């Protein structure tokens, strides 16, 4: 398989999985197990491509927050988005400076998929008894920020799953409201991560080793696919639970543990 086709497939995979609660990083690690490993920069760029999709999908909401910033509700919502981002940025930077790196084997990803799937089922069962609430509290904002760090440390956890379900557990029980907040927090989070990685690689003189055609194709594929997925998901969760995604995670994790040789 050519490098360009591999990049295209990885971009599509990123767009499909970044916003579904099934772990994009986990799926990319699994895919790269067979398609060949890519650089951290490549992975961050395609994540940024997927975030472009969020900007496009929520462009009206973003415009509403910007033009209506003088309104108390909009202003507080923006401040809570900022708080979630700052928690992720500060704690994430500490973790990064500590030298934490992604696992090179698939087994930890498989276990994270299974544990995350069980966690989703338990939270769904608990929140089903609660009234629908769409108010983002400061506790929810801080929790979402921490959940994003956990997802970055443990691939297979899923940034969207950990953050959405913690938000639901902390009181933001309406799925669409929780997903919207998490996706909007993802905009500054992923763009900041992309910029940080770009600067680190530029200082190390590693950017010249990137195949920019591959990166560009993967970025566009992730953006286009991500746009379709986010539009679909926001409609889907208005009348459906996340149960199907939880079952998929558990099944995929179990299959990986059964089929892959020990140490893979």
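Note: Cβ is positioned from N, Cα and C throughout, glycine not excepted.
If you check Swiss-Prot, you get these features:
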- 38-58: transmembrane segment (TRANSMEM)
- 75-95: transmembrane segment (TRANSMEM)
- 106-126: transmembrane segment (TRANSMEM)
- 136-156: transmembrane segment (TRANSMEM)
- 181-201: transmembrane segment (TRANSMEM)
- 217-237: transmembrane segment (TRANSMEM)
- 242-262: transmembrane segment (TRANSMEM)
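Distant neighbours of the transmembrane segment (106-126): 21-23, 26, 29-30, 33, 154-158, 161-162, 165, 168-169, 241-243, 245-250, 252-254, 256-257, 260, 263-264; these residues of the same chain sit at least 6 beyond its ends, with a Cβ under 8 Å from one of its Cβ atoms. Non-local neighbours of the transmembrane segment (217-237) in the same chain are 4, 7-8, 10-12, 14-16, 18-20, 42, 45-54, 56-57, 175-176, 179-180, 183; each lies 6+ residues outside the stretch with a CB under 8 Å from one of its CB atoms.
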